[in-house]
Amino acid sequence: MKEIKVIIAGPRGRMGHEAVLLMERTEHFNLVAAVDYKHGGEKISDLPGMPALHAPIYADLHTCLDEVEADVLLDLTTPEVGKQHVTLAVERGLRSVIGTTGFTEEELTRLTENAKEKAVGTIIAPNFAIGAVLMMKFSQMAAKYFQDVEVIELHHDQKLDAPSGTAVKTVELIRQNRESKQQGHPNEVEQLAGARGANVDGIHIHSVRLPGLIAHQEVMFGGDGQMLTVRHDSFNRASFMSGVKLSIETVMNLDHLVYGLENIID
């Protein structure tokens, strides 16, 4: 396979560290630079626990793109920084794979239009774990037969956004096979604000943040005399790397934006 030159934004995070290791062990991936505002001017190998890769680190993406030739930006930063980075990547005509979440429908619409206009491949993935993508697809299938559903997502206590992008994407897929319906008793009253969780078109999402967790989600369907639960668990961040690898390889052949890995797997 042809070499793919990659820039990683956010190499010091746990996902970023796993992605650097992915670069090291994948023959056709070449890590040409990284972006980290705290370590501009250093090299990847200077960071604690990193392999002996000598890709330069830039403090900002603008400077990096001015000085480095790359095929793909892999962004594993924070929601706000990720939004800035993907916008800049599209403007510069650079393919990108975005692992941050928190995009609004309006932001996705604007990015989709811009990527189409520039004919630049872009993948935004709420979750890179293949099992999580299948969990979302199975939930979408089940919604055709079970109209009563709630989502419980559980993540580590350092996660910045709630609900998770995976939960929001799951609900979006379920809505495609489910008529709008308010879940629960029509006259129910919350004795404490937020007791029933977030409400998206009548579907409740409950967010848990605790140390010891990584990324987990249950989609619970209820029917007459039965329950169906679709669950996925990521026990470490290595679980996301197969999806990262697939996304980097796939985005090379795209000329538009794709939201969600379910749209690129068979």
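Placed from the backbone N, Cα and C atoms, the Cβ positions cover glycine too.
Listed in Swiss-Prot:
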- GLY10, PRO11, ARG12, GLY13, ARG14, MET15, GLY99, THR100, THR101, ALA125, PRO126, ASN127, PHE128: NAD(+) binding site (BINDING)
- LYS38: NADP(+) binding site (BINDING)
- HIS155: active site, proton donor/acceptor (ACT_SITE)
- HIS156, GLY165, THR166: (S)-2,3,4,5-tetrahydrodipicolinate binding site (BINDING)
- LYS159: active site, proton donor (ACT_SITE)
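Using a 10 Å radius centred on the Cβ of ARG12 (NAD(+) binding site) and all shown protein chains, the other Cβ atoms total 20. Comparing CA positions across the binding-site residues ARG12, ARG14, THR101, PHE128, the one lying closest to GLY165 ((S)-2,3,4,5-tetrahydrodipicolinate binding site) turns out to be THR101. Checking each of the recorded positions HIS155, HIS156, LYS159, THR166 against GLY10 (NAD(+) binding site) by C-alpha distance, the shortest gap belongs to LYS159. Taking Cβ-Cβ distances under 8 Å and a sequence gap of 6 or more within the same chain, the neighbours of HIS155 (active site, proton donor/acceptor) are SER164, SER207, VAL208, ARG209, LEU213, ILE214, ALA215, HIS216. The C-beta environment of ARG14 (NAD(+) binding site), restricted to residues of the same chain at least 6 apart in sequence and closer than 8 Å, consists of ARG237. The Cβ of GLY165 has fewer other Cβ atoms within 10 Å than any other of the binding-site residues GLY10, GLY99, PRO126, GLY165. When the neighbouring Cβ atoms lying within 10 Å are counted for each of the binding-site residues (THR101, THR166), the highest count belongs to THR166.
Its Cβ taken as reference, HIS156 ((S)-2,3,4,5-tetrahydrodipicolinate binding site) is surrounded by 14 other Cβ atoms within 10 Å in the chains shown. With all protein chains in the displayed structure included, the most crowded Cβ environment within 10 Å among the recorded positions LYS38, LYS159 is that of LYS159.
For ARG12 (NAD(+) binding site) paired with LYS38 (NADP(+) binding site), the C-alpha to C-alpha distance reads 10 Å. Comparing the Cα of THR166 ((S)-2,3,4,5-tetrahydrodipicolinate binding site) with the Cα of every entry in LYS38, GLY99, PRO126, PHE128, LYS159, these being the recorded positions, the smallest distance points to PRO126. Within 10 Å of the C-beta of PHE128 (NAD(+) binding site) there are 27 other C-beta atoms, taking all protein chains into account. Across the fold, the C-alpha of HIS156 ((S)-2,3,4,5-tetrahydrodipicolinate binding site) and the C-alpha of PRO126 (NAD(+) binding site) stand 16 Å from each other.
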